[in-house]
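In what follows, a single structure is set out as structure tokens and then discussed.
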Ligand SMILES: O=C(O)/C=C/C(=O)CC(=O)CC(=O)O
Ligand SMILES: [Ca+2]
Ligand SMILES: [Mg+2]
């Protein structure tokens, strides 16, 4: 229901907002939801071109009615959780109403006063994240990483039956732009008898998408695969910063812990399920030898259109590049279609034991690596665990991230006949460790 194509996706629809029609990420066909502030209290907003539309002001303007007004009221506070809890219908009504207001020239006088330059605003985390779970649906990443950590047994036998995940840490999820302080942890060299505590020497990124849960499920209830997409409010980009040396020593038997909970960065905007409707595509067929998913994970409609045509880029700027005024260098280009499990399968599996998902919960997809080197989604893979450092245009090399490096994820949804949309940046700069 929420993932249907309507007049808001019409590529011929234009906006009176200056520059919006030429904006590479936020034309009127996108209308992503976020939380912003401009000196006053943080509140809900919608990105349009290089402006932000104030939803709290819109809720008081008298310009909206019905479910659109209900949604704008729910988006007037410091988090979008109340809006996410309303589910797809009011969110979609708000999208349609805002799309009409921003496209009809006669509305410019009434609405333009509620638009602010994004460059003058601060963006916040769009929702208070109650729980954060990180999946592992990038099968090429899982195979590559498995080769590093378990050379004899890279892809474990459960992988093609279970959408594998681990419970991450919600408290350290932050919005794009938050600096990353290099973490300290236990490091143990292969030939050392005991670990030392020191700043990580293998600081990495992970190219992921974040899935924002809208309506949840009650404790003890499941979410059937056929309705799982209805529980997804939208997507962001997500960087699951990782300390590979800490990870290698601590991860058995319970999985990632301090190697991955020191910061998780998300892009500021929730690109809604509604906005992403035109970019649905078939889930790539599984190789003939792979098992058919169990029935609770299999839905014909999900297989037919449960993947998303989103290109994902990773870029790096080093301090030397910054000093020389050089443009960021691209480290990787992948695509969301390289996920072995769909978002609906992740949601259905998560709730399949009666675990309750709640509005504003965040799911990471796991690192989305392409099958080939130019699309690997982490430095662990790109440099083969540091054995093949990347040569940069400055003459520098990188095995893992160094202090002062700035790493940025970008995403672009594209489909023939539709206006491409973007996600905004997911960026962070590495600061030196505070002390060991
Ligand atoms: O032990 C392993 O195989 C690796 C585990 C992870 O790196 C967890 C993770 O964050 C998965 C991912 O991003 O795909
Ligand atoms: Ca991860
Ligand atoms: Mg993390």
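The backbone N, Cα and C atoms fix where each Cβ goes, glycine too.
TrEMBL annotations: computationally assigned, not manually curated.
Keep in mind that what you see is a predicted model, and the values were worked out from it rather than measured.
Marked as compositional bias 'Basic and acidic residues' by TrEMBL: 1-12. If you look up TrEMBL, you'll see 1-21 marked as region 'Disordered'. What TrEMBL records for 134, 206, 208, 240 is Ca(2+) binding site. TrEMBL lists 136, 150, 247, 251, 367 with the feature substrate binding site. Residues annotated as domain 'Fumarylacetoacetase-like C-terminal' in TrEMBL: 140-410. What TrEMBL lists as Mg(2+) binding site is 240, 260, 264.
By the criterion of other Cβ atoms within 10 Å of the residue's own Cβ, the least surrounded of the binding-site residues 247, 264, 367 is 247. The CA atom of residue 264 (Mg(2+) binding site) is located 10 Å away from the CA atom of residue 206 (Ca(2+) binding site).
The 6 Å Cβ screen around ligand 3 retains 240, 260, 264 from the binding-site residues 206, 240, 251, 260, 264, ordered by sequence position. In this structure, residue 134 (Ca(2+) binding site) is part of a beta strand by DSSP. Close contacts with ligand 2, defined as a Cβ under 6 Å from any of its atoms, occur at 134, 206, 240 among the binding-site residues 134, 136, 206, 240, 264.
Taking the Cβ of residue 251 (substrate binding site) as centre and 10 Å as the limit, one finds 15 other Cβ atoms among all the protein chains shown. Note on proximity: among 136, 150, 251, 367, the binding-site residues of the record, the Cα nearest residue 206 (Ca(2+) binding site) is that of 367. Residue 251 (substrate binding site) falls within neither a helix nor a strand when secondary structure is assigned with DSSP, and so counts as coil. Most other Cβ atoms within 10 A: among the binding-site residues 150, 260, that distinction falls to 260. Residues 136, 150, 247, 251, 367, recorded as binding substrate, reach a greatest CA to CA spacing of 18 Å.
In the compositional bias 'Basic and acidic residues' (1-12), the DSSP tally of helix, strand and coil residues is 3 helix, 0 strand, 9 coil. Per-residue pLDDT, averaged across the domain 'Fumarylacetoacetase-like C-terminal' (140-410), gives 97. Contacts of residue 240 (Ca(2+) binding site) defined by a Cβ separation under 8 A and a same-chain sequence distance of 6+ are given as 134, 168, 205, 206, 208, 260, 264, 364, 367, in order along the sequence.
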